[in-house]
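According to TrEMBL, the active site, nucleophile annotation covers A:T186. Per TrEMBL, the feature substrate binding site maps to A:R214, A:I215, A:G216, A:D217, A:T236, A:G237, A:K238, A:G239.
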Amino acid sequence: MGWAIALHGGAGDIPLSLPPERREPREAALRHCLQVGVEALKAQRTPLDVVELVVRELENHPNFNAGRGSVLTTKGSVEMEACIMDNTKRCGAVSGLSTVVNAISLARLVMEKTPHIYLAFDGAEAFAKEQGVETVDASKFITPENIERLKQAKEANRVQIDYTQPNQTDPTKEKPTADGGGQIGTVGCVAVDGKGNSATATSTGGLVNKMVGRIGDTPVIGAGTYANSYCAVSATGKGESIIRATVARDVAALMEYKGLSLKEAAAYVVEECTPKGTCGLVAVSATGEVTMPFNTTGMFRACATEDGYSEIAIWPPSTQK
Amino acid sequence: MGGWSIAVHGGAGVDPNLPLQRQEAAKLLLTRCLNLGISALRYSLPAIDVVELVVRELETDPLFNSGRGSALTEKGTAEMEASIMDGPKRRCGAVSGLTTVKNPISLARLVMDKSPHSYLAFSGAEEFARKQGVELVDNDYFITEENLGMLKLAKEANAIVFDYRIPAKGLETCSAGAGTMETALLMNGLPINAYAPETVGCVVVDSQGRCAAATSTGGLMNKMSGRIGDSPLIGSGTYACEVCAVSCTGEGEAIIRGTLARDVAALMEYKDLPLQEAVDYVIKHRLDGGQAGMIAVSNTGEVAYAYNTNAMFRACATEDGFTEVGIWE
C-alpha cells in the first residue's frame, strides 16, 4: 500500500495521426499535472486537496475541455460543470457555470460551505459571487479551436457524441484545429494516500454543440464521479451513456458486491456496460492500485504510484509509439 | 410471480401532528392515482407510459410536493425537477430548474424521447419546453398558500435550528432560542412541522416484465435557488433497468451520497438479492444517518417499499389482487 494518482484529459476519437504540434502540448500538460499531483502527495496533502489542485491545473490549460478551452454550446456559449467526492462520500457538484475560472473549486465550496450537494446555473453563479471565487468575463473561456469545432459540428449538423459514426467532414479539408478534439471530453483526477483515503474530481465544458442547459455525467454522482471506501473514479466520454450505466458507482459496486479487483471492475464496466467508443475512466483503490481503461480510440492520461511506476499515454499500450 | 405491479409515493417523513383530514385527503389521492395506474395497466399500456401518467396526476394535485404544491425556494418561487427511466434499455430523461412547465415529468420524458441528451436544466430546459409546445403556466400557479406558510416557518426555524455542516454564520448574534422548538423530529435540517408532504414517485412493472420509474419534486423548502436534489439524478432518486425500478424520497443529500436507487438494482444484479431484501439493505446500510424512503418493483412482478423515517405516504397493488394504502407503519 502506498499513494497513487491518475488523471485524464478526456477519452474520445483521438486520431493516431494527431500531429505533433497538437499532441506534444497535451502530453507536456499531462506530465506537468502529474508532477503537481505527485509532489502534493509526497508533501502529505490530503487526496481531496490533491485532486482539486490537479484539476485546477487541467482547467487552466486551454487544450482540454474544461475551464478555459471548454467546448461550446449550440449558442456559442460556455457552460461548465464539475464534481468532487471523497471516500467518506462527502461530495459537491456544480453545473451551468459561465464565469467561474475554476469550477472544481466551486464544487468543493458547495460541499464544504452549504448544506447541499449540487448547485447550478444562476444559483451557482450567485453562490460563487458570495464566496468571492475568481470569475472572469464569459468570453475569456472561449478559444479559437472551440469556435472552429462548433462550426464544424454545426456544418455536420450533429452533436458530437457518436464516436462510431463515420466522420462526416472530408479529412483533406479538415482544418488543423479539428484534431478529433470535438470528442475530447472532460478532465479528471483520482488520488489515494497511503492510508486508504481517496478522492476524485472531474470537470468539463460538456459536449460540442450541446443544447443550452444540457447536463452531462460529470456532476451526476455515481455516473461520472464517485468515491467510497473501496475506490475513487472519474469517467469521461459520452455523458448520456455514462449516466445510463452509472459507470463510476458500478466500479465500486462490483468491487464490493462481487469481490472484483479494481482492474477487473473497471475493465468490466468499460467493456461490458458502455457501448464501444463512449467511455474511459481513471480509478484508484483504497489499497493503492490504479487503472485507466477506455473503449475509445484514445484517452489522454497519466498515472503514478509510490513504488515508482509512472505512465503518460494517449492510445492503447499496443499502439503507443 | 409475474403479472403487473405498481407503487406510488407522496414522500417520506410525515408530521406526526398532521391533521386527520389531511391524512385522509392524502390517502384518497394516493388511491386515486393507484387506480389510474391500475386501469392503464389493465389496458396494457407499457410501464413507461403508466409511470408518467400517474406522476402527472400527482403533480397536478397540490397536496404533495411536486408541480402545483411544490415546496418553495428561499425566494418564494417554485423550482421543479423530475426524472424518468425506462428499464428495458435504461433510457432516461431528467429536468431541473423548471418554473413554468405545468408537468415536469412529461418534460423529462420528452428529454428522453425527443432530445439527444439525458438531462436539461433551467433556461435551456424551459426553452426546450417552449419548442416542444408543452403546457406552460406562470410560476404563481405552482405556489399554494400552505407552502407560503411553510416557507415562513422554515425561515424562522433556520434562525434557530441550524445544519451542523454549515459554519455558524451569525450564530454569535443569535440568542439560541432553541427551546421554542416543540418537536425534536428533524428532516433536512428543518423541524418536521415545517416539512411539507414530499416528493412524489411511481414505479411500475407491466405484464411483459418491463420496469419503469418516475420521480418529481419541488425540492427542499427554503432551498437556495439553483439547488438540485436527488430526484432528477439517475441512480440516486430514480433508477430502472431490466430487473427493477426504484423511486426515492427524503433527505436529498443522503440519497445522493448513497446512490440509493442504483444500489437496489446493483444488489439484485451483483449479489442476487431479492427485491425486498435489497430495498431493506439499502435503507438500513446506505443512508449513513440520513432519512429516506423508497418504493420499488421487480421484473417478476413483486412490489416493495421501505423507509427509515417515521412514515411514508404510499400505495401499491399487484395484479393478483394485493392492495395497500398507508402512511404510518
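Cβ atoms here come from the backbone N, Cα and C positions, even for glycine.
In TrEMBL, annotation is done automatically, which means it is predicted and not curated.
Projection of TrEMBL feature records onto the structure.
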residue: A:T186; record: active site, nucleophile; DSSP (3 states): coil
residue: A:R214; record: substrate binding site; DSSP (3 states): strand
residue: A:T236; record: substrate binding site; DSSP (3 states): strand
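Across the residues annotated as binding substrate (A:R214, A:I215, A:G216, A:D217, A:T236, A:G237, A:K238, A:G239), the two Cα atoms farthest apart lie 16 Å from each other. Residues from the set of binding-site residues A:R214, A:I215, A:G237, A:G239 situated with their C-beta under 8 Å of a chain B C-beta: A:R214, A:I215, A:G239. Annotation: A:G237 are the binding-site residues among A:R214, A:I215, A:G237 whose CA atoms are within 10 angstroms of the CA of the residue listed as 'active site, nucleophile'. Counting neighbouring Cβ atoms within 10 Å of each of the binding-site residues (A:R214, A:K238), the lowest count belongs to A:K238. A 10 Å cutoff on Cβ-Cβ distances gives A:G239 (substrate binding site) a total of 31 other Cβ atoms nearby, all chains included.
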